Amino acid sequence: MLSSNINLVNTIIGAGTLAMPSAMSHFGVTLGVILILWCGLTSAFGLYLQSRCARYIDRGSSSFFALSQITYPNAAVMFDAAIAIKCFGVGVSYMIIIGDLMPGVAESFGSEATGLAFLADRKFWITVFFLFFIIPLSFPKRLDSLKYTSVVALFSIGYLVILVVYHFANDEYPNKGEVNLITWLGPIQALRSLPVVIFAYTCHQNIQDNSPGSIVGVIGASIGSAASVYILVAITGYLTFGSNVEANIVSMYPTSIPSTIAKAAIVILVTFSIPLQVHPCRASIDAVLRWRPNKTPRSQLSGASTPGNQPLLPSSATPTVTDNHGAPVLAMSELRFALITSGILILSYITALNVSSLDRVLAYVGSTGSTAISFILPGLFYYKISDPEGIHHQRLTKEDDDADYSDSSDADEVPPAMLDSTASIRSVVSAVSSIRWRRKWRWDLEHLEHGLLRKLALALSIYGVCVMVVALTLNTFFASR
C-alpha cells in the first residue's frame, strides 16, 4: 500500500504544481479550492472505474490495450493518440520550464557581471539542454538508470512546497496584484484554466489491478495527498503575488540561495523526465502509424486470436512482450526508431522555443490527452464492458452469486458467543443491524448499484467530451482575452 501510494503520488504531482497558483487567480480562492477538489474527485472516479474494469480481465493482464481489444477494438488508436499527445505536451512543458528557470540559476552565479547577455536568454538554455542532455538520453532503448529520478522528483516537489509557503509567510511583494477571495475573472478565463487542473491529476496510465478495498485506499490517499499539495501551493502562491502571478510560480521568486536550489532541482528533474516522456510517445506514435481502419486489429498482429470461436487475449502459452500500457511491442526497425524519435524531439524543440507560456501548453494537453485518459476512456470502457447482456459481465455473475450466497445469512456472521443461551436477543439484533449497515456502505464502494455505476461512467465520458470541446474552443479562439 505504501509503495503504491508513493508511486501514484509521484506520477500525479509534477509540472502542474507550478501552474496551480496561476489557475487559481482566474477562479478566485473559494471557487479555485472547489475546482481542485472537484477535479480530484472526478479523476479518482476515473481511476476507480479502471480498477472495476480490471475484474473482467485475467489478473496481471489488465491494461488500456486489453480493455480496448474487448470493448472497442478499432478504437485502440484513440488511446495511443491520447498517450502520444499527453507525453508530447508534457515534454514540451518541461523544456519551457528549463527556459524559464535556467536564466535565474545563471543569474545567481553572477552571469550579469560577465556581460554575456545570452545567459539570460531562455532559448539559449533550451538549446543547450536539448543538445547535451535530452537528445543523448532519448535515443537509448532502455532507460533503467533513470528510475532513480523519482527520488529527485519527490525532493523537488517537497522543497517547492516549503519554498512557496516560506515566501508567503515572510515576504511582502510591492507589485502584488488584486486578490479575489470570492469573485472570479469570468467564465472564459476560468474555463480556459480548467484543463490545467485536470492535467495536474493525470496518472491513469499507471494504475494497476488490485483488490477493490486496497485500490480504493490507494486512490483516496494519493488523490487526497495531491489535492492537499495543490490547494496549499495554489492559495499561498496566489496570495503572495495576487493577480500578477505567472504560470511558473518558481520563476517569480527573487535570486537567493533557497530559490536557486529550487530552480536547479526542478531543472534537473524535468531534464531527466523528458526522455521518460519520449519513450511512450514514440511507441504510441508508432502504433498510430501502423493502425488501419477495418483491418486486422493489433491483437492479431501479436498472435492473439480473433473473436468468435477463439480467445480475445493472447494465451499464457504464447507470451508476448508488452509495453507499459499492455500493448504488444512490435519490432521497430532502427531507421523507423530514429525517424520517429527525431521527429518528436525536433517538433518538441521548435514548439518550446516559440511558446513561452507554460499554462497555455498545459491547457492544450489537459483538454486533449489528459481529458481522454482521465474521463472519456475509463467511462466508455466500463460502460461497455459491464453491459449486463455482455459475455464479460455474465462471466462474473456466478462468482458474485457465490459470494452473495456465502454472505446471505446475517446470523452466520454473528459472533458465536452472542448465540449462546446467555446472550440477549437485543445483542443479536444489534449485531445483525451493524452488519447490514456495513453492507449498505462499504469503503470499497461495492455497495454501489450496478446500473447506477454504469450511468455515472457514461456521465463521466460525456463530461470529458464537453470539457474537451469547450476548453479547446476557448483556448483556440479566445486566447487573447
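Note that Cβ sites are derived from N, Cα and C of the backbone, with glycine treated the same way.
Annotations in TrEMBL come from automatic prediction, not curation.
According to TrEMBL:
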- 2-398: domain 'Amino acid transporter transmembrane' (DOMAIN)
- 27-49: transmembrane segment (TRANSMEM)
- 83-102: transmembrane segment (TRANSMEM)
- 122-139: transmembrane segment (TRANSMEM)
- 151-169: transmembrane segment (TRANSMEM)
- 181-203: transmembrane segment (TRANSMEM)
- 215-241: transmembrane segment (TRANSMEM)
- 297-318: region 'Disordered' (REGION)
- 337-355: transmembrane segment (TRANSMEM)
- 361-383: transmembrane segment (TRANSMEM)
- 396-416: region 'Disordered' (REGION)
- 399-413: compositional bias 'Acidic residues' (COMPBIAS)
- 456-478: transmembrane segment (TRANSMEM)
| said: Checking distant contacts: for the transmembrane segment (181-203), what same-chain residues at least six beyond its ends satisfy Cβ-Cβ under 8 A? | reply: 8, 11-14, 16-17, 19-20, 22-23, 25-31, 35-36, 39-40, 43, 47, 86, 222-223, 226, 230, 359, 362-367, 369-371, 373-374, 467, 470-471, 474-475, 478-479, 481
| Going through 27-49, 151-169, 215-241, 361-383, 456-478 one by one, which has the most CB pairs that fall under 8 Å from the transmembrane segment (83-102)? | 361-383
| Taking 27-49, 151-169, 215-241 as candidates, which has the most Cβ pairs under 8 Å with the transmembrane segment (456-478)? | 27-49
| Restricting to the same chain and to residues at least six past its boundaries, which positions have a Cβ under 8 Å from a Cβ of the transmembrane segment (151-169)? | 6, 10, 13-14, 17-18, 21, 229, 232-233, 236-237, 239-240, 249-250, 253, 258-259, 261-262, 265-266, 268-269, 272-273
